[in-house]
Structure formats: structure tokens, C-alpha cells
Amino acid sequence: MDLLSIQDPSFLKNMSIDELEKLSDEIRQFLITSLSASGGHIGPNLGVVELTVALHKEFNSPKDKFLWDVGHQSYVHKLLTGRGKEFATLRQYKGLCGFPKRSESEHDVWETGHSSTSLSGAMGMAAARDIKGTDEYIIPIIGDGALTGGMALEALNHIGDEKKDMIVILNDNEMSIAPNVGAIHSMLGRLRTAGKYQWVKDELEYLFKKIPAVGGKLAATAERVKDSLKYMLVSGMFFEELGFTYLGPVDGHSYHELIENLQYAKKTKGPVLLHVITKKGKGYKPAETDTIGTWHGTGPYKINTGDFVKPKAAAPSWSGLVSGTVQRMAREDGRIVAITPAMPVGSKLEGFAKEFPDRMFDVGIAEQHAATMAAAMAMQGMKPFLAIYSTFLQRAYDQVVHDICRQNANVFIGIDRAGLVGADGETHQGVFDIAFMRHIPNMVLMMPKDENEGQHMVHTALSYDEGPIAMRFPRGNGLGVKMDEQLKTIPIGTWEVLRPGNDAVILTFGTTIEMAIEAAEELQKEGLSVRVVNARFIKPIDEKMMKSILKEGLPILTIEEAVLEGGFGSSILEFAHDQGEYHTPIDRMGIPDRFIEHGSVTALLEEIGLTKQQVANRIRLLMPPKTHKGIGS
């Protein structure tokens, strides 16, 4: 079949099981080939081919609503809804988004990127449907990893109480990104081996009604029998206790089982949970045999060998540098512990976990719990390192305020993937943390200019005993600078001048320092002497240096790879105002007030104007006409 010619999923309605199985093979081959060039979330999508096809065969999208939790497993859905020709642009600038996108297709009714939101979304859609009096099916698809998120459990509780008609698909592959952890994961394991409870329950009810004379009485006790069966046949029938009709577990790669159970679910009143067992990476051996999450999401790869195609890094990854330095210090300090919300691989904590298994805590998709747990461990004299992506730190904001900062707990927050992250797009860009962290009392916030300063900042953070401290660092690899052998402490709230200058000052930090220096060197050719300051402490700022700069009266440009509203530049404006310096020219560069789409970091920086050319232009505009010796001089 020509998969690129698919316009909508209606063609599935008349296909036989044999034809569907052949289609599945073709879809898998298409994904393996296409993603080998573009990269993407291959493991999750290979695992849901039959499930996605069966859903589109049995339901009528977009009238019936599919809500893909997290959304990285929606590639097959995109293919079946007419976007095959765009797969060559997957996750590229102005190309096909790697997650559901409402502006992309009417079949994408709910946008995702973070986990555990689909059930709340489904409850909202079901409530709206019932108020409007329409009859569409609401079908959230959630993984066993996402089900560990507190928000998902809150929604399960509410849905079961409201008894709204919906069909929850539990896609159970025993992994989210890394192997799942926790009691809910263990409970699902028991369900996988418990047999088909629903079938037995229905058969017994049927038999009761067939018995002469006493059949009616027995049928009347069917509910009590059902309750007994729950405990006799399925240990820990969690979902039934919450008010769901539980179906399964079923083979997520068997069209016979999927279609039979989906048809049964459509006839069942109230909330139904269909427990589907799938194999992540099915059909491609390297992904199918992955046990740690390497093939969850990848860059380009060689199909025949499974080798990843990427240039050899000249420097270690930022995640590896930070976790490695924490591990190094943990050898000397038994108080140091590491906490991650389901990202041990991405945060490069495998080495720490292997060396210190009793001091490593993967709490699952539970950012709020992770933050509060870190605060409590700090209260008991430990030195917690909370490794968390910038985009996921948003989910723990209240706990950072209420439990960590309010109690002035000695927690080191490693804010990974800070700044633009590229291909994962607007749900994953790490651009909000400065704005929502710098206004919290007791918080220290910093970002290094390179990996050498980064290792010293880790040492500074784990040596700091006066409250919470956070270090943001970007995705990807360091610059390859020479590394000091001896770790040292950087005085809190101190900046450094990287390049002297007497005509203007650039205040920046982290990834934007390089473009600032390059812009200053370009302006030097025009006779402008521009100072570049490594403003490595975002909070507290270096007040002594700032007062000196303001006293000089030099124009100031701030640059940050983060949102402007409430960001670092705002803090400089506030400080100047508080010092009564109303006449110093101050300009700010950063992320504009909108969500930044997917694409390469280079393309995105170009689009929003964060380039050395634009930095130079902004400095030129700040200068009094007589100072600028460039064009027209």
C-alpha cells in the first residue's frame, strides 16, 4: 500500500484482519526507514502500530476524540490521518511536529508533550459532551509510565466518581523512557498474569440466569459475586475499585483481541479501562531488546546495525559532566544523594546509581513528590541533588516554593536542558525557569559559561549550606575546554569580566556568552570597545559590579536564552531603577512572548534574533551617534 497517499483513516473500515496485519508490517518498515534519517521516538511508535490501527478502524476520528498522553507515540496516528508525505520533515524547523498539534490536523484534538494530562483532558471533554448532548466517544491513550503521574491518578479518581462514558486505553509496555518504578507498576505486573477476569465474570452471570427457579435470585446477587471475583481472580483490582469496568489484559499486537475488546468497550456504560500489553520497539530488534530506554527517542541511525549516526563529541555532555561531578563528590561525602523523576538515563545518573544504589532515588513521573522528598532529606542532614529538566521543573513549582525555598532547605537543583532544546519543540523548551525561579526568596540561581566553570558550580552548590541553590545547564555537549583537576568554590553572587571595554557593556551567561564575545570583536573593528561580563549568578546579581557599571553610565545590553518577561534582563532594569539610575540606556535580548516551535537550535535562534549579528546591531542602536565610528563616519 502507498502509505504516503493516505488521506484519512476511513479506508480501514473494510479491511480484513489479514490485510490489517500486512498494513502493520508496512507501517513498521516505513517508520524504521523514515526515522533512520530524521530521528524521533521510534520505540514508542513501533509498539503501538496495531493499537493505533485498531482504534482508527473501530472509531470515527475526528468526531471521536483520541487523546494521546505524552504524545510521542502519535506517529502512526499522524500517518493514518494523511500526514505521511510530511514525515521527511519530522521534528525539523517548520516541519511535522513530533507531538499532536491542533493546528496540524483536525484529528489532533488534544496537544501533549508532558505526561499524565490525557485523563484530565478526557474528563473535560466528556463533561462538555454530556452538557451539549452529543454522542462522541472519548478515548484517552495513556502509558503505564504516565499512569504513575499524580495528575493521572487524580483524574482516575474523578472519572470513576462521575461515571462518565469514556474508554481509557492503558498502553502497558513496562517502560516509559526508562524502566518504570513504583507500586502501581508492580500492580500492573500482577494484572498482566491474572487472566481475563471480565470474561469469567460475564460467563458466570450468564450461567446464573440459566438455572431454573433460583436463577433470578442468583442473578440478583451478581454484583456481590462480581466483587468476590475481583479479589479471587485479579489481585489488587485497583481500577474496578475506582469505578471503572476493567477489560484485559489483552495482546496489543493481536487484531482479534483488540477489535473484540474495543467493540465490547463501546457497548459498556460508564468509564472503561482496556489494559493493552504492547512491546516497545516491536519489529526492530535493536529497539525491541532495549531495556534501559536508549531507543525511546533517537537521532539518525543505521538500519542494518542499529548504530547511531552522530559526530564524535569532542567534549562530554552537560548532563554527564554534572552527574559525574556529583558522583565524584559523593565519594567523599556520604550525605550526597541523587533524585530523579523518571529520567536516570537522560540525566546520566546510571553511574551514580551503580556506585551508590542506596543513595539513588528514581521516583517515577512524580516531579512534585521528588521536590518535596528532596526538601525532607535536606532537613535530615542529607545533601540532595535533584536532577530535573527545565520543562519538567514547571510541574514542581509549588513544591519548590512551599517545601524547598520556604523552609530554606539545602537542596541542589540541577536544571537540565535549560534554554532552547530544538526538535522536541514548544512543550520542551527550557525557557521559563529563570522567570519563575528568580522571584522565590532564598533561591540562588546560576549558569556556567563552560564545562570547567560548570564543575566548579556543582562543587559550589554541594558545598553551600545556606539554603536552596540551582544550576541551569543546556542540552548537548560542552565546548571542550581544559578542565581543572581541583574543584573550587565560586563566591555566591559574583560575576567576572571576560572582555574589557569602555563604550558599552554586555551582561550575559551560559550559551549566549560566545555570541556576545564574537559580536564585541566585530564591533571592535568599528572602533567600539564593548565589555563582556559573565553574569553567571542570575540571582543574586553582583550588586557591587552593577553599581560600578551604572556609575560609569555605559549603555547595557542583557542577553539570555530564556523568556524576557520576568527574566534576567528584567532584574537588571529593576536594580537600575532601585538605584535611581533612570538615564542609563538598557536594552534586553531573549525569548519573545510566545511559545517557540520545534526545529534546530540554530534555526530557532536565527528566527528570534539571538545571533551575533543582531547583538552587534543592538549595541550600535544603544550608542550615541558620536560614539559609533562605523557606517557614515
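Cβ atoms here come from the backbone N, Cα and C positions, even for glycine.
The thiamine diphosphate binding site annotation in Swiss-Prot covers H72, G113, H114, S115, G145, A146, N173, Y284, E367. Take the CB of G145 (thiamine diphosphate binding site) and look out to 10 A: across all protein chains shown you find 29 other CB atoms. DSSP assigns G145 (thiamine diphosphate binding site) to coil in the three-state reduction, outside any helix or strand.
Summarising the annotation, Swiss-Prot assigns Mg(2+) binding site to D144, N173.
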| note | Running the binding-site residues H72, H114, N173, E367 through a 10 angstrom C-alpha radius around D144 (Mg(2+) binding site) leaves N173
| Recorded thiamine diphosphate site residues H72, G113, H114, S115, G145, A146, N173, Y284, E367, farthest C-alpha pair in Å | 32
| Got a sec? Which of these binding-site residues, D144, E367, has the most Cβ atoms within 10 Å? | E367
| task | Would you please pick out, from the binding-site residues H72, H114, the one with the fewest other Cβ atoms within 10 Å of its Cβ? | result | H114
| field | Cβ neighbour count (within 10 Å, all chains shown) around N173 (thiamine diphosphate binding site) | value | 22
